[in-house]
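Student: My questions will all concern the structure given below.
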Amino acid sequence: MCFTTYCQYSHNVFSIINSVQITEKNAEPEKTLLTYLRRNLGLTGTKLGCAEGGCGACTVMVSKYHPHQNRIIHYAVNACLAPLCSLHHCAVTTVEGIGSVASKLHPVQERIAKAHGSQCGFCTPGIVMSMYALLRNNPQPSMHDVQEAFQGNLCRCTGYRPILEGYRSFTKDGGCCGGKAQSNGCCMTNEHTQEHDSSTLPAQKLYDQSEFMPLDPTQEIIFPPELMVLSKQPQRELRFAGERVLWIQPCSLEELLELKATYPNAKLVVGNTEVGIEMKFKNLLYPVILAPAYIPELNIIQNTQDGIQVGASVTLTVLGDVLRAAVKKLPAHQTEVFKAVLEQLRWFAGQQIRNVAVCHVPEDKQLINKLNVQCMFYKLYKKNLCLMFKGEKHVIEMDGKFFPGYRKTILKPEEILLSIEIPYTRKYFSAFKQSPRKEDDIAIVTCGMNVFFKEQSNIVQSIRISYGGMAPVTVLATATCNRLLNRQWNEELLEEACTSLAEEMNLSPSAPGGMVTYRRTLTISLFYKFFLNVQHKLSLDLGLAAALLVPIISSLFTAVHSVYHWRSVRHVYKLNNLSNFVSNDSVQFGELVQPVTCVGHIVGAIVADTQAHAQRAAKAVKISYEELQPVIVTIQDAIANKSFFQPVRSIERGDVAQGFKDSDHILHGEMHIGGQEQFYLETNCTLAVPRGEDGEMELFVSTQSASKTQALVAKALGVSANRVVCRVKRMGGGFGGKESRSTILSTVVAVAAHTVKRPVRCMLDRDEDMLVTGGRHPFFGHYKVGYMNNGRVMALEVTLYSNAGNSLDLSLSILERALFHMDNSYNIPNIRGTGYVCKTNLPSNSAFRGFGGPQGMMIAESWMSDVALSCGLPAEEVRRMNMYKEGDFTPFSQRLDNFTIDRCWEECMQLSDFNKRKDAVEQYNRQHRWTKRGLSIIPTKFGISFTAVFLNQVSAFPLRTPDLGYDFETNSGRPFNYFSYGVAVSEVEIDCLTGSHKNLHTSIVMDVGKSLNPALDIGQVEGGFMQGLGLFTLEELRYSPDGYLYTRGPGMYKIPAFGDIPIELKVSLLRDAPNEKAIFSSKAVGEPPLFLAASVFYAIKDAITAARAESNLTGPFRLDSPATPERIRNACEDKFTKLCPPADPGTFIPWAVQV
């Protein structure tokens, strides 16, 4: 083998991608592996979903020989963050490299397909590669290993269950052996079947595992021998000079120190999990980057007298392996901090991030701040950091002075962090993290606490309490700790501590991050958890009476160039360094520019030779705005300013006034339902190709409305529609979000292509897509309900308000559907509904799965819940009593024929074993004070057809066009062709101290008519249910008072992950229910199941009701959607929440508002 002659530096990246040698000369430091794979190599199987390592669509496997571990390692990484420069002497395997339909599928690919684990398919390559990387390291993993491997992957379509079930077949505790069973017969029917958790399997067998190809680890691609040889050779410093950034990878500690002295402000990067995001999303530029990943001294791991010393370049995955080994080996009392760090690592980011992120980036500010929980552990024990500067080593303590400010440490610019020591501990130690979602989420509040007692006593000798999320830096509750010294660990100490923490851990009501009351309450609640934990251990150690000891619960943390054109929609100030700058005061539709009416209003477009150049040019544009008043952001703002689109809609039946007079009781209530981002994994994307003749244009678009795209592009170009061809080969999710809003991109791209006379492509980044395209409409409902003593509802008056944003779009039709579903499945004799479409300064909201129906039904279930609570009756009895029957008429005068909800109800009661489950819930709640369980059964009646009549599509054969339409003036017509029905039962468990919840069980019975494909229908039911789970319990769009969207990517906006599916999930399709009004007696199944996730919301509300009863609080209470940990905790009012009352509205400007 021939090697290049030695020189001081190397300027080439040599790697092997899918067994092909790649040499990239003078690699661009800012180019990621994902960009290189897709643009340079044409390997488009690896997808761009978020560009911040939060969705896993870009997952690939990297293999390398690690000299410090002396072995070949395989690990999954996010290609969107991995710098191309970091892959020298690495092998990269993409989804194309393991198999394809053109040659042969790999078992990992085959099983996800045959198990129906792929719908839109955009997330599938990333999930496949996460599983493949796991199997390369562990050919027979456990289900826990599988679930951990998927913590960094998201799917918006499937609901996750079929993916897990398909890959269960690879595990040692489940699935098909591929014909390798030692005993006779199929392994799936032998005695090991009892080990399978079949609770998440649908009742009907959807595939045959015995048909799966066996996995043979010996046939996998070997690590390239040439890379093994090169990795063992003496290494040279790598240098890559890009357009803006110099990347240097030193080979020794001496080189690193010299470089740090030369470039004291250089950023040190190992995994690029922080710097990459800062440069892309925060517009920061770091001219010099040092990459010290392979320096031996920074990869050291060794035991010391006081703990374990860990090198600054050790990845989080390796750190976890080391600590797990220590926990198994060392006495339990020495490893409390190790266990706490492991618990935090378990929920910190996804596996792809942990594989490359380091525990302590050896530089001034980075992940030292990110892992603030871990830093708390060190501050609690004042443990040591080993630093180096110009060859001199010194040690500092990580104490209360280590963080002088936000994202600042006391490290000097020329210093590097060499290692950190994780200490051994005694047993009285606890750490907690509370976040909106358990997996891969940023903490709201974290804390670490330890206490030492005087010998053989419960008298406090010393105590340290540290919090993250309560200030710009990690803070110690010094005053509280001082008050607790020399006190007995008893109830008096608890009361003193809680009162003191309420005073000391104060926050401004306008504090960044919001949730001020919740965060303050958490500081007390988490201390109480620590108190109980210590109390329990003391009772065991000292034999003390444990009078205070209630059942202990574990937390449920759980320079711009190469720019061709600028197309503006109003005057923009001159840009410097732009070649061929064009200013045009006409919008693409030929209209004069209207005022900018929201944050996210598109005002222009830049065309350049690369995406990076275009984005830099866009960021260089400076626009002066004239402030317009009033700024209307929320529904309440719109109501106050009477800012509504016309018309106002209403539906009425019966004599509402008389109905209220005849009622025994009348109650009033309100509910707000937050919006929801569609979060299709593939963002909006358009490729426009001019065809050169008579203005012809060919478009390749990710859209749900090809005809609308064609029409609007033709209008923008000033040509007839037959000159425009719109192609949609496949789409990475849509859910209604690409029905109308995709045209704001496709029209601009078409105009750009027409202007420059060459193909133009634009794919929005995730943050851009979320900012400009809107989502599901937030709703506010006010209701007045008249009801009898037995729970029978006699009269209802409901007013609905939707937040449409700055244009009408489809909002009127969405509001109309909400009114059509204001009754859900209940027969109310006297009913009046009125709906207003609010015009606000937000990006226009649009269609989303359910199209307004879920919002209308959610408010219906709110007043139904209030009636049950007011009457003191079981909610399921009140719901069943008020339910429609066959032949009844809706408020819009449509007869209910083939009404099957009663059958769905009874079958779901039986499938879930509802009565037995309810008894168990009540018993559990009697035995537990700080965790409560709740149970709920919810029906749905969903009308099939678009309330926007022009959207209805009817097959040309064999059906005829149904006579659909409705007149609001006369309350006559037939808005729906038929109805889909379903019922769901859900059980949850909430942590009353933190607000977290676990989804324990869900049973669903769905009427889909005569199913044409049970696997497809069940997939739609599960996928819709999980989207509804996000809508009602997790996903929260957060806006500033000025309308700026904070939640613009998976870092802050959390959709359900693998760990959010119910522990037990059963789905059954109603049999013998043919639908004569649709093809082959089937029914639509895409949208109706979404609302069934409301059963989880009302199970949570049921659990909160049990918690409130402990504080003698009964009757109806308001719980807005989504039921986030913040709302759950605040609703569980107790002695701790009373210590942290909220500030009076109007006395402060909140960080975020409820729109």
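Note: Cβ is positioned from N, Cα and C throughout, glycine not excepted.
Computed from a predicted structure; not experimentally measured.
Heads up, here are the entries from TrEMBL:
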type	residues	note
DOMAIN	11-98	domain '2Fe-2S ferredoxin-type'
BINDING	Cys50, Cys55, Cys58, Cys80	[2Fe-2S] cluster 1 binding site
BINDING	Cys120, Cys123, Cys155, Cys157	[2Fe-2S] cluster 2 binding site
DOMAIN	240-427	domain 'FAD-binding PCMH-type'
BINDING	Leu268, Val269, Val270, Gly271, Asn272, Thr273, Glu274, Val275, Phe348, Leu417, Lys433	FAD binding site
BINDING	Gln704, Phe735, Arg849	Mo-molybdopterin binding site
BINDING	Glu739, Arg817, Phe851, Thr947	substrate binding site
ACT_SITE	Glu1087	active site, proton acceptor
Student: Just the number: how many Å between the Cα atoms of Cys55 ([2Fe-2S] cluster 1 binding site) and Cys155 ([2Fe-2S] cluster 2 binding site)?
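Tutor: About 8 Å separate the Cα atoms of these two residues.
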Student: May I ask for the distance between Gln704 (Mo-molybdopterin binding site) and Glu739 (substrate binding site), taken between their Cα atoms and rounded to an integer number of Å?
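Tutor: Distance (Cα to Cα, whole Å): 5 Å.
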Student: Let me make sure I understand the structure: which of the binding-site residues listed (Lys433, Arg817, Arg849) has the fewest other Cβ atoms within 10 A of its Cβ?
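Tutor: Fewest other Cβ atoms within 10 Å, among the binding-site residues Lys433, Arg817, Arg849, is found for Arg849.
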Student: Between Phe348, Phe735, Phe851, which of the binding-site residues has the fewest other CB atoms within 10 angstroms in the structure shown?
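Tutor: Sparsest of the binding-site residues Phe348, Phe735, Phe851 by Cβ contacts within 10 Å: Phe348.
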Student: For the [2Fe-2S] cluster 2 site given as Cys120, Cys123, Cys155, Cys157, which other residues of the same chain have their Cβ within 8 Å of the site's Cβ centre?
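Tutor: Counting only non-site residues, the set is Ser118, Gln119, Gly121, Phe122, Thr124, Arg156, Thr158, Leu681, Gly732, Gly733.
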Student: Could you measure between Cys50 ([2Fe-2S] cluster 1 binding site) and Glu274 (FAD binding site) for me? Cα positions, answer in whole angstrom.
Tutor: 14
Student: Quick one: largest C-alpha distance among Gln704, Phe735, Arg849, binding Mo-molybdopterin per the record, in angstrom?
Tutor: 13
Student: Using DSSP, break the domain '2Fe-2S ferredoxin-type' (11-98) down into helix, strand and coil residues and give each count.
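Tutor: Taking the domain '2Fe-2S ferredoxin-type' (11-98) as a whole: 16 helix, 33 strand, 39 coil.
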Student: If you compare CA-to-CA distances from Asn272 (FAD binding site) to each of the binding-site residues Cys80, Cys123, Phe851, which comes out shortest?
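Tutor: With Cα distances computed to Asn272 (FAD binding site), the winner among Cys80, Cys123, Phe851 is Cys80.
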Student: Starting from the Mo-molybdopterin site formed by Gln704, Phe735, Arg849, give every other residue of that chain whose CB sits within 8 Å of the mean position of their CB atoms, in sequence order.
Tutor: Gln678, Tyr680, Gly733, Gly734, Gly736, Gly737, Lys738, Glu739, Ala847, Phe848, Gly1086
Student: When you average the Cβ positions of Cys50, Cys55, Cys58, Cys80 for the [2Fe-2S] cluster 1 site, which other residues in that chain have a Cβ within 8 Å of that mean position?
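Tutor: Checked against the 8 Å cutoff, the neighbours are Leu34, Lys47, Leu48, Gly49, Ala51, Glu52, Gly53, Gly54, Gly56, Ala57, Asn78, Ala79, Gly126, Arg766.
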Student: Check the Cα-Cα distances from Phe851 (substrate binding site) to the binding-site residues Cys58, Cys80, Glu274 and tell me which is shortest.
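Tutor: Nearest by Cα distance to Phe851 (substrate binding site): Cys58.
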Student: Roughly how many Å lie between the Cα atoms of Leu268 (FAD binding site) and Cys80 ([2Fe-2S] cluster 1 binding site), rounded to a whole value?
Tutor: 19
Student: Of all the binding-site residues given, namely Cys123, Cys157, Glu274, which is spatially nearest to Cys58 ([2Fe-2S] cluster 1 binding site) at the Cα level?
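Tutor: With Cα distances computed to Cys58 ([2Fe-2S] cluster 1 binding site), the winner among Cys123, Cys157, Glu274 is Cys123.
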Student: Once near-sequence residues are set aside, which residues in the chain of Cys123 ([2Fe-2S] cluster 2 binding site), 6 or more away, have Cβ atoms under 8 Å from its Cβ?
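Tutor: Non-local contacts for Cys123 ([2Fe-2S] cluster 2 binding site): Lys47, Gly49, Cys55, Gly56, Ala57, Asn153, Leu154, Cys155, Arg156, Cys157, Leu681.
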Student: Widest Cα span across the FAD binders Leu268, Val269, Val270, Gly271, Asn272, Thr273, Glu274, Val275, Phe348, Leu417, Lys433, in Å?
Tutor: 28
Student: Write down the Cα-Cα distance for Arg849 (Mo-molybdopterin binding site) and Val270 (FAD binding site), rounded and given in Å.
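Tutor: On Cα coordinates alone, these residues lie 41 Å apart.
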Student: Can you count the other CB atoms that lie within 10 A of the CB of Glu274 (FAD binding site)?
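Tutor: Its Cβ has 20 other Cβ atoms within 10 Å.
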Student: Which one is closest to Phe735 (Mo-molybdopterin binding site) in space, judged by CA to CA distance, out of the recorded positions Cys80, Glu274, Phe348, Arg817, Glu1087?
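Tutor: For Phe735 (Mo-molybdopterin binding site), the closest Cα among Cys80, Glu274, Phe348, Arg817, Glu1087 is found at Glu1087.
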Student: Provide the number of Cβ atoms within 10 Å of the Cβ of Gln704 (Mo-molybdopterin binding site), excluding the reference atom itself.
Tutor: 21
